[in-house]
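The following features are taken from TrEMBL:
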- 60-222: domain 'HhH-GPD' (DOMAIN)
- Lys148: active site (ACT_SITE)
- Asp167: active site (ACT_SITE)
- Lys227: site 'Important for guanine/8-oxoguanine distinction' (SITE)
Amino acid sequence: MAERYNYNNCKEICISNGAKDLIKVYKDKKHHIKQRLKEFENIHKSDDENVFSELCFCLLTPQSKAVYCGQAIKELKRSRLLFNGGKRAVRSKLQKVRFPNNKTGYLIGARNIFKHGKRIEIKKILDINDTFRVREWLVKNVKGLGYKEASHFLRNIGLGRNMSILDVHILKNLKRYKVIKEIPRAITKKTYLEIESKMRKFSDSLNIPVEELDLLFWSNQTGFIFK
């Protein structure tokens, strides 16, 4: 792991990668980023339905606007369709989400895994002492969750420490700061873990926790801190 430095004594690699501007922006946004991550931690402390809803949000996000996905999940929760609705009823709430037919199937499939009787039970599989093992389990067992989506879910409930959410916004920034040479056309498990490791080393060199760097990159691209 790269040696950690304070902001004013950043490693030479940071300067060569033009990261001084990134550190300055981080100082400006640090409070808001940490506050957002604290809100994520509160989700894990809440009930199983809230945690499950966050998983479902992450199932909707691939190639779709996060804001629209958030709106869809909010309506599905409000109407209880997320927990009890049939395929057609759930599909009706995904009008602004891309690939609604596939994603309806993902939501119902996830519900079939975690619903026992009338109750959603998801928190019992979330081992806070081995979140990387939890990520592997999610990728293997929940259809529609790849490493990006599983990492996104765990980060959004406060358990994604040292995980990267390698969406297009993050990959563009990693290329910009020369952490990677090119954005890969397809990301296999091996490629994902290799890039995640490089991002972790880069964040260490900046003295910015990787989960905070992720939100910093995302907010720099979109103009706001969402989730």
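Every residue gets a Cβ built from N, Cα and C, even glycine.
Taking Cβ-Cβ distances under 8 Å and a sequence gap of 6 or more within the same chain, the neighbours of Lys148 (active site) are Pro62, Ile165, Leu166, Asp167, Ile187, Tyr192. A coil conformation is recorded for Asp167 (active site) in the three-state DSSP classification, outside any helix or strand. Counting every protein chain shown, the number of other Cβ atoms lying within 10 Å of the Cβ of Asp167 (active site) is 20.
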